[in-house]
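Copied over from TrEMBL:
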| type | residues | note |
| --- | --- | --- |
| DOMAIN | 11-185 | domain 'Histone acetyl transferase HAT1 N-terminal' |
| REGION | 128-151 | region 'Disordered' |
| COMPBIAS | 135-151 | compositional bias 'Polar residues' |
| SITE | Trp196 | site 'Interaction with histone H4 N-terminus' |
| DOMAIN | 220-268 | domain 'N-acetyltransferase' |
| BINDING | Gln250, Lys251, Leu252, Gly253, Ile254, Ala255, Thr256 | acetyl-CoA binding site |
| ACT_SITE | Glu279 | active site, proton donor/acceptor |
| DOMAIN | 289-340 | domain 'Histone acetyltransferase type B catalytic subunit C-terminal' |
Amino acid sequence: MSNLSSLKSYVSCALDCTRLRLVRNPEDMGNDEGCFKPEMAHQIFGESESIFGYRDLKIDVMAAAGPFDLYFDINYSKKVEELHTEGLKADDVEKALADIVEDGCFYTNRDEFKRVLASKTDSFRPHGTKVDEFTAQTSPSASRTDGDQQQRPVRTFEVYLSSADDAEYMKFHSRLETFSFFFIDGFSRVEIDPLWLFFTVYERYSIDNNNEASGTRYATIGYVAAYQYYAYPDKIRPRISQVLVLPPFQKLGIATRLIEHTIYEYFSKKKNVADITFEEPIEAIQHIRSVIDAKRCKTLPAFAKENLLTGFTKDMLREAKERFLINPKQCRVVYEILRLGCTDLDDEQQYRAYRIEVKKRLNMNYNKHRRDLAKAKKRGADVTAALCGLPGVAERIESLHAEYKQVEEIYGLVLHKLLLAA
């Protein structure tokens, strides 16, 4: 029997051994400065995010920065032999990667990928209709994917709108989605449905050849996917479903620009939009959204200090929706943020009133569940098991206090951002 402990050296952490890169020229393929790590790998390699069967495993996932053609480079010093491991087989790394690529279209030959890179990079142009252009300032220490950023501190970005009925765009987007598996938890590919809209961001840059400009190129940065749901009786309710800004381009304000300006400007011009919603946004996106919406609502009469301190009102709902397409759930969050900013925390009565207001909202689902069980019991249903699953009053009070403290901390960060932006 083989010594299983000796096989530990054949187990690799997918997050540690996987590197991603965006390749603008052949030199980038060997430039480690342009590499970045995935945030997650469980959607590719399983919940443990581990890979069995290789020593010194290295996985390079490269994408042509513009058209996003994919190249997988898998290297290792040694692979387990089935004969010596009692039938244990090495995980098929290439197959695991191939499974997340639409139609299995990727390259494993380095020279072939270089030829594709050379033939497509110069001619690649964004898909769709241009809807926004903006610049972002980078610090001298910021990392880049194309060399020394000190010579180009200002970068230019363009946003293009495409829909799922654009076949050419969807071929491109399916390649871009491959990176989403590494950064969006619970990610699934969108279905071909014309109600899907995509706001895709590209960096426009120039290349120099002996200090002579030799053309404009585009690199893909990320995208926002929005689905246009029906809203009774004759409107639509766009829902922001996926947001991806690749790591080399994060902390440049790109996601904020997309949410605050690009997407809002596009939908606000349409007469049939009820409001804009988000599909369970991750904490970072919810934070950006809350900062943007709170900054906007501060300008509305309904959110004046004297109104905030007296409670949540229908006028707040109406003004936020009519002026900024903010849905009721998010409007309530904005109200709580702005009210915290107006509350004198040294005034015990005022601060207590605020805490009670927020805790009522946090406790709504718990109270509703208890009421529903009480009604079911009156009708003769056996709710013993369901009641046992509910926390007791004392336990709920304790957990509610913890929830509130977490909410107040998050709101405090939003208010700090608003103060810095003032």
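Backbone N, Cα and C atoms are what each Cβ position is placed from, and that goes for glycine too.
Sequence features annotated in TrEMBL and their locations in the structure.
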residue	record	DSSP (3 states)
Trp196	site 'Interaction with histone H4 N-terminus'	strand
Gln250	acetyl-CoA binding site	coil
Ala255	acetyl-CoA binding site	helix
Glu279	active site, proton donor/acceptor	coil
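Across the fold, the C-alpha of Ala255 (acetyl-CoA binding site) and the C-alpha of Trp196 (site 'Interaction with histone H4 N-terminus') stand 19 Å from each other. All protein chains shown were included, and the count of other CB atoms within 10 Å of the CB of Ala255 (acetyl-CoA binding site) stands at 21. A sphere of 10 angstroms centred on the C-beta of Gly253 (acetyl-CoA binding site) encloses 15 other C-beta atoms. The helix, strand and coil residue counts that DSSP assigns across the domain 'N-acetyltransferase' (220-268) are 18 helix, 23 strand, 8 coil. Put simply, Glu279 (active site, proton donor/acceptor) is 19 Å from Ile254 (acetyl-CoA binding site) when counted between their Cα atoms.
Taking the mean position of the Cβ atoms of Gln250, Lys251, Leu252, Gly253, Ile254, Ala255, Thr256 as the acetyl-CoA site, the remaining same-chain residues with a Cβ inside 8 Å of that point are Ala136, Val245, Phe249, Arg257. In this structure the C-alpha atoms belonging to Gln250 (acetyl-CoA binding site) and the residue listed as 'active site, proton donor/acceptor' are separated by 21 Å. Between the C-alpha atoms of Gly253 (acetyl-CoA binding site) and Trp196 (site 'Interaction with histone H4 N-terminus'), the distance comes to 24 Å.
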